[in-house]
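Per TrEMBL, the features are as follows:
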ACT_SITE  D351  active site
BINDING   C206, C209, C228, C231  Zn(2+) binding site
DOMAIN    54-277  domain 'Mur ligase central'
Amino acid sequence: MLKKSLTIGMTKAIQKASKLAGKGGSTTPGVFARKLNPAILKQLRNNVGHVIFITGTNGKTTTSNLLATILQANGKRVINNKEGANLITGITTAFVAPQNLRGTKKFDYAVIEIDEGSIARVLKEIRPDYFVFTNLFKDQVDRFGTEHDLANTLKEVLAQHDLRLVLNGNDPYVSHIASEQQAIYYGFAKDAFNFDAIKNEEHVTCPRCSGELRYDFQLYANLGNFYCASCDYATTPPKYTVTDVGSSQVTINNMDYHCALEGGYNAFNIAAAVAAARELGFSEEQVKKGLRAVALENGRMERFTLNNTEILLNLAKNTAGLDMSLSAIDTLSGTKNVYIGVNNTEYDGTDSSWVNDANYDLIKRADVNDIYCGGSCATDVKQALLAQGFEEHRLHIVTDSPLAEQIVRGADSVLVIPNYTMLEPVRKQLVK
C-alpha cells in the first residue's frame, strides 16, 4: 500500500511539473510510475469495473472519446486516455492521474485507446472485457509490415486471451483477427454513404489464404462487402448496420443518432462506439444522450477562423486518412489554399512513401490556389504532387514561422492536414 501511494503521489507531482513545462504530461509521468512500481498498472486495474480497449489504424482516438463521453453522460466514472497517449506509459498515466493518493478510488469503466504495436505488451498487465477494432490500413510499414502481416500478428496475440471483440465487419483484415473469441460486428450497408471521392484499394488479398478478395460493393480503401474466390472467407453480417449518414446524423439499425461529428469515416467511428455501448448494456436512448454531448476534438475536423479566413484542420497519418482529409475540400467556401505537413519521426513511422499514393486529384480544381508543404517530408509531398500533374509555381515548401501568415495568403479558406507529430505544433501556430 505504501509503495502504491508513493508511486501515485510522485507521479502526480511529475505530471503537474510536466504540464507546467508545456510538455503535456501524458507520457513522462507513466514512465516514472513504472520505474517506481512496475506493478502499478495491474494494481489499479482492480479499481475498475470494466475495461474496454480500442485500437486500429484510423479512428481509435475519436472512437475512444465517443465511447467515454457516452458513458460519462450517463453518470459513469470513466478513465480515458483522451489525449491519445496510447503506449503502455501513456496508459499507465491515464490510470494513475485520476486516483486518490491511497489508490482506492473506484471507477465504473476504463476506455483505453491502445497502439496496435503495444497490444501484446499491455495484455500482459491488463485484460479488457471488450476489445474494439476500427480498421487496419497500410500505415507505418516499418513498424507493422503490411495490413496482412499485422492482422496475422494480432490474431496470434489475441488467440491467447479470452476476449469479447467488437469488429469492423467491412474490413477483411479486422474480421480475420477473431479466432474462438466471442465477436460482434458493425458495418455499412451498400448505399449508406457516398465514398466515391476516396480511392478503393486494388488487389486486396485474403488474410486467410492469400487469394484475391472480391467485393459485392467496396466503400473505400479495403472496406466493403467482401468474399474470397479461393476459400470460404467472407464478410460476416453485422449486428449493427449503418444505413444512412446525414448532416450530424447516423442511422444504425433504424435508429437515428445525432452527433457533432460529420462524414462517412466518422460514421464508422460512431458505429463502433454505439456497438460497444450497446454491448455494455446501455439502451438506445442512453447512447443517443451520450452522442448529443460529444464535442469536436482538437485536430479532428476542427474549424475556426483566422484573420477572417476559415480554417479546417484534420489529422492524417496514412494514405486512407489523407484521402479522407483531402475530400473535405468540398466543405470549404470561396478560394482555397491547402497545407500538408508530414514528419517521419519514429512516432509517425519513418517510411513516408504513403504520401505518393494519395488521391491529390481531389484538390486539383480551379478554386484551389496554392498548396503548402511542411515538415521533414515537405519535399516528398511536393514531389508527389508534381508527379500527379500539379504546376510547380503553385507548390510551396514552408519551413519558417509564422506559418499562419503564409498559408492564408489570397484565400477565403484553408484546408490544413498535419500528420501525428505535426498536429500540435501546427495547431499552436494557428489557434491563438
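Each residue, glycine too, has its Cβ placed from N, Cα and C.
Heads up, TrEMBL stuff is auto-annotated, nobody curated it.
On the structure: features taken from TrEMBL.
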{"residue": "C206", "record": "Zn(2+) binding site", "Cβ within 10 Å": "22"}
{"residue": "C209", "record": "Zn(2+) binding site", "Cβ within 10 Å": "13"}
{"residue": "C228", "record": "Zn(2+) binding site", "Cβ within 10 Å": "20"}
{"residue": "C231", "record": "Zn(2+) binding site", "Cβ within 10 Å": "12"}
{"residue": "D351", "record": "active site", "Cβ within 10 Å": "13"}
Looking only at the domain 'Mur ligase central' (54-277), what is the model's average confidence as pLDDT? 93
Looking only at C-alpha atoms, tell me how far C206 (Zn(2+) binding site) is from the residue listed as 'active site', rounded to the nearest Å. 24
Spatial neighbour of the residue listed as 'active site' that is closest, considering only the binding-site residues C209, C228, C231 and their CA atoms: C209
What three-state class does DSSP give C209 (Zn(2+) binding site)? coil
For the Zn(2+) site given as C206, C209, C228, C231, which other residues of the same chain have their Cβ within 8 Å of the site's Cβ centre? P207, R208, S210, G211, L213, A229, S230, D232, Y233
